[in-house]
Amino acid sequence: MASRFLLFSLFTSLLLSFSLAEVHFSEIRSDDRQIIPFDEFGFTHFGRLELNVTNIHLSNPNPDLDRSKIGFFLCTFDSWLHVTNQLEDGEITCALQSNLIKPVLTFNDLIKDQTSLSKTLTQNDADQYSLVFANCLTSLKVSMDVKSAMYNLDKGGKVRDYLSAGKTMLPRVYYLLSLIYFVLAGVWIYVLHKKRLTVYRIHFFMLAVVILKTMNLLCEAEDKSYIKRTGYAHGWDVLFYIFSFLKGITLFTLIVLIGTGWSFLKPYLQGKEKKVLMIVIPLQVVANIAQVLIDENGPYEQDGVTWKQVFLLVDVVCCCAVLFPIVWSIKNLREASRTDGKAAVNLMKLTLFRQYYIVVICYIYFTRVVVYALETITSYKYLWTSVVAGELATLAFFMFLRGTSLSRKHIIHILLWMMKRKRLRLRL
């Protein structure tokens, strides 16, 4: 029972964590896992699977082995839940024996001295499927090279689309978003030039973040576009990882710097604030390395789950770390409002930082929890909507950051305007 539960947990965690769709090469070496999930793909009614398995080697070459218990199959997530129940109830002893899966090929098809198998499967049942390898023979280790290609055809049966049915819209989405950020960067440059006498270093840092985000989205659009047409990224994935790495580091650094009031409220960072940056930046490096390994190696790697857990842990730590400087700034402003005689100005600053704290928490919660929930509950045909939701939240957050980076001069003007128009009654 425990082994069945472990098998189910491994399979489900991998299916929820990965969504590879391009032509994929995998090298399996001396692996004795019972279940190895490969690619996940959303098929339309005109789907195809091309599977080529070469250099097959079994640790036990005994010809009497029941090789029908070693092979590949397609399975939806819901079907796998029922397959797990069948295994637990003893109805079947191997996942390949279930009537709820779609068999692709088994090693029983191997002729004597043959080390390769291939199969092209037409998939007319539209749904989200995972390609899975099952090895139901105890202590048998398998080595092989696997090349898989899953794609959908147009109604004419001529044009291939290597992106999953729920992600075929992504190239256009990323192109549009990159254009929006490009316009935003242009507007920000114009504002900086027009108000160059009151510009602080933090404003140029914000411009750098917007430019990196633009390049990141453009590279991701090209990456997805090439994968959609050919199944390969053609090097755009490298540029995507580079700009994603730089964007991630600069964005978290920007949140910390604004949270401390650097540049536009004070020209320096305190020791504990520097320590936060020294923690966040290396953690972002680790998170990006983990993300690259997850994306490039895929779920078939034995360390795939470990790297996924590392990425999630590091991301949570970073999100928590960036909140500390904001809390410290709020605390310092609250104390200053009681002692330095500038209660009005300090109260206005305190209000701004409280708003900033709330918005940062909402942004983190939305992009880490709500977007994941949308991806989980949304139909496989509309997975692109979760990407749009996350990117729109990031865009709104960027716009808010621009408004938060007010100078001391702006804060005083706002305060005087509020006092004049609304006769604001200040209370400590």
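Every residue gets a Cβ built from N, Cα and C, even glycine.
The signal peptide annotation in TrEMBL covers 1-21.
Sequence annotations record features per position, and here TrEMBL assigns domain 'CAND6/7 N-terminal' to 27-152. In the domain 'CAND6/7 N-terminal' (27-152), the DSSP tally of helix, strand and coil residues is 22 helix, 64 strand, 40 coil.
The domain 'GOST seven transmembrane' annotation in TrEMBL covers 171-383.
TrEMBL lists 173-192 (among others) with the feature transmembrane segment.
The feature transmembrane segment is assigned by TrEMBL to 199-218 (among others).
With a threshold of 8 Å between CB atoms, the same-chain residues lying at least 6 positions outside the transmembrane segment (238-264) that come near it are 200-202, 205-206, 208-209, 212-213, 215-216, 219-220, 222-223, 270, 273, 276-277, 280-281, 284-285, 287-288, 291-292, 318, 321-323, 325-326, 328-329, 349, 353, 356-357, 360, 401, 404-408. Per TrEMBL, the feature transmembrane segment maps to 238-264 (among others).
Residues or ranges marked as transmembrane segment in TrEMBL: 276-294 (among others).
TrEMBL lists 306-328 (among others) with the feature transmembrane segment. Remote same-chain residues near the transmembrane segment (306-328) are listed as 13, 17, 252, 255-256, 259-260, 272-273, 276, 279-280, 283-284, 286-287, 290-291, 293-294, 297, 353, 356-357, 360-361, 364, 368 (criterion: CB distance under 8 Å, separation of at least six residues from the stretch ends).
Marked as transmembrane segment by TrEMBL: 356-374 (among others).
For 380-401 (among others), the entry in TrEMBL reads transmembrane segment. Residues 19, 42, 127-128, 164-170, 173, 177, 180-181, 184, 206, 209-210, 213, 217, 254-255, 258, 359, 363, 366-367, 370-372, 374 of the same chain lie 6 or more positions beyond the ends of the transmembrane segment (380-401) yet place their CB under 8 Å from a CB of it.
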Legend entry - Positions whose Cβ lies under 8 angstroms from the transmembrane segment (173-192), at least six residues beyond its ends: 199, 203-204, 206-207, 210-211, 213-214, 217-218, 220-221, 224, 384, 387-388, 391, 395, 398-399, 402
Legend entry - Tertiary contacts of the transmembrane segment (356-374) (same chain, 6+ residues out, Cβ under 8 Å): 255, 258-259, 315-316, 319, 322-323, 326-327, 330, 385-386, 389-390, 393-394, 397, 400, 404
